[in-house]
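J.: First the structure, then my questions, so here it is.
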Amino acid sequence: MHSYLLSIDQGTTSSRAILFDRQGRVAGVAQEEFAQHFPASGWVEHDAEDIWQSVLRTCRQVMESTGASIEEIAGIGMTNQRETTLLWDRRTGEPLHRAIVWQDRRTGAYCQSLIDAGHEAFIQSRTGLLIDPYFSATKLRWLLENVPGARERAERGELAFGTVDTFLLWRLTGGREHATDATNASRTCLFNIHTQQWDEALLSLFEIPASLLPEVKDSSADFGRAEPHWLGGPLPIAGIAGDQQAALVGQTCFAPGMAKSTYGTGCFMIINTGEKAEVSHNRLLTTVAYRLNGKTTYAMEGSIFVAGATVQWLRDGLKLFADASETEALARQTRAGHGVYLVPAFTGLGAPHWDPGARGAIFGLTRDTGIAEIVAAGLQAVCYQTRDLQACMDDDIEASAGRLRVDGGMVSNNWVMQFLADMLGVPVDRPTVLETTALGAAYLAGLQLGWYADLDEIAGLWRCERTFEPSMEEAERERLYRGWLDAIERVKCSAETRGRA
């Protein structure tokens, strides 16, 4: 009798393996961090072998620590850091270069040349995305142009491209499966989200040979079986989704207007828009939420590059505290209107500003400012940025979110969650199970494997641990937010992005 689903959650700084039971409860967790490589300013890389080995080890560790046998596991769901780009040899499976991570900004000049040439409207109309180094297409083009012999080998059909899910699937299946799902494909800037196919015009624009590309499947599908020697048996791989879409599924945001926000290294707010690919007038992204039985559900997304990374910087860079758990007590020492604003534009600004040249700053310092105020300002920045996204979504979509479901490491901080509810002016729901990204991948696998009849059954499993109700006066909320907007304007790099909301 199958008791568990194994979820592989391959993230930006660590790989995790989690076993879930049929009720969506966590039975066991294993996690392993891996090295980050910064070979030049603005460049971020991962060693693909580090990713692969960390995934294998965590899967084996969680089975060992829980005592789960291979016979008790129904199958595998997989979720991954999106956009991160790999290129490997089809014969050997060996990568030609380190993975270029979603945070990497090396293709900024090329992206600007595409914008200057007037391509952004065309690209957005096909992909729902903007021209930015964030997405996979320009990273893949860089690999083809800069790895010796790569373009020639690609033209001969010797190489394979994939995001992290595709690379792991290739490895797990012994090279038998070169595939991805529609959510990951929708983040490459090469996939037409309306036709649900790789787009020939985009491939031509970015100079990408079609022979490199994986097959695109539903998010719940037959992705093959793992080679028995990896985990002890030929487990079926039955669900794949990019991390933020997987979290949307894990939070059971299945109706149009339902929204979730994940607070990890970055912050990602996604609202379900149903069968309609809503176009943002505020520079948010239109993306695939999930594709099931050939039917596509769309979402609108705002991506904030720095959320939990601010806490890491305050801890490791400024050494203001020893452990992230100390931040709540520090923040509680401050008065509400302390006047300090921290804009964490360490790698530029994401949605809705999309200003890669912006840089971080702290405003409002006085002789009274201490560690507590700076820490509080860093935490509040995440909430202000979420308010930025909320304002855009409310303007773009009729069925806007009347409440927000949250997950990720930062949501365990009650002070942050209360300030978030106050700043948004809507209830904020924190679920009982915070491993929503991995849970979403497990649910997708469970649908394919017959564990769950439909999305309604999965929605019935969601449980709320605590709701944070807004309690701040409207006038105070708006006063604080105006201060944030002023700080944002001050860090923007170019006249073009100043005044853009």
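The chain as shown is numbered from 1 upward.
Every residue, even glycine, has its Cβ placed from backbone N, Cα and C.
Per Swiss-Prot, the features are:
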- T12, R82, E83, Y134, D243: sn-glycerol 3-phosphate binding site (BINDING)
- T12, T13, S14, T265, G308, Q312, G409: ATP binding site (BINDING)
- T12, R16, T265, G308, G409, N413: ADP binding site (BINDING)
- R82, E83, Y134, D243, Q244: glycerol binding site (BINDING)
J.: Which residues in the same chain, at least 6 apart in sequence, have a Cβ under 8 Å from the Cβ of R82 (sn-glycerol 3-phosphate binding site)?
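T.: Long-range Cβ contacts: W102, T163, T183, N184, R187, G242, D243, Q244.
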J.: If you draw a 10 Å sphere around the Cβ of E83 (sn-glycerol 3-phosphate binding site), how many other Cβ atoms fall inside it, taking every protein chain shown into account?
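T.: Counting Cβ neighbours of E83 (sn-glycerol 3-phosphate binding site) within 10 Å gives 26.
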J.: In sequence order, which residues at least six apart in the same chain have a CB under 8 Å from the CB of S14 (ATP binding site)?
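T.: Set apart from S14 (ATP binding site) by at least 6 residues yet with Cβ under 8 Å, we have Q31, E32, E33, F34, S54.
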J.: Fill in the CA-CA distance, T12 (sn-glycerol 3-phosphate binding site) to G308 (ATP binding site), as an integer in Å.
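T.: Checking the Cα atoms of T12 (sn-glycerol 3-phosphate binding site) and G308 (ATP binding site) gives a distance of 12 Å.
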J.: In terms of DSSP three-state secondary structure, what is the assignment for Q312 (ATP binding site)?
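T.: Once the DSSP labels are grouped into three classes, Q312 (ATP binding site) ends up as helix.
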J.: I need the CA-to-CA distance for G308 (ATP binding site) versus Y134 (sn-glycerol 3-phosphate binding site), whole Å please.
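T.: Approximately 18 Å lies between the Cα of G308 (ATP binding site) and that of Y134 (sn-glycerol 3-phosphate binding site).
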J.: Would you please pick out, from the binding-site residues Q244, T265, Q312, the one with the fewest other Cβ atoms within 10 Å of its Cβ?
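T.: The binding-site residues Q244, T265, Q312 were compared, and Q312 has the fewest Cβ atoms within 10 Å.
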J.: Have a look at the binding-site residues (T12, T13, N413) and report the one with the fewest Cβ neighbours inside 10 Å.
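T.: Each of the binding-site residues T12, T13, N413 was scored; lowest Cβ tally within 10 Å is T13.
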J.: Please report the three-state DSSP label of D243 (sn-glycerol 3-phosphate binding site).
T.: helix
J.: Can you grab the distance from R16 (ADP binding site) over to E83 (sn-glycerol 3-phosphate binding site)? Cα atoms, rounded to a whole Å.
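T.: Between the alpha carbons of R16 (ADP binding site) and E83 (sn-glycerol 3-phosphate binding site) there are 19 Å.
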J.: Please list, in sequence order, the residues in the chain of Y134 (sn-glycerol 3-phosphate binding site) that are at least six apart in sequence and whose C-beta is under 8 Å away from its C-beta.
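T.: Within the chain, Y134 (sn-glycerol 3-phosphate binding site) has Cβ neighbours under 8 Å at E83, W102, S303, G350.
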J.: Let me know the DSSP-derived helix, strand or coil state of G409 (ATP binding site), please.
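T.: In the DSSP reduction, G409 (ATP binding site) maps to helix.
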J.: Hey, for the glycerol site built from R82, E83, Y134, D243, Q244, who else sits with CB inside 8 A of the CB center?
T.: Q81, T84, W102, R187, G242, F268, S303
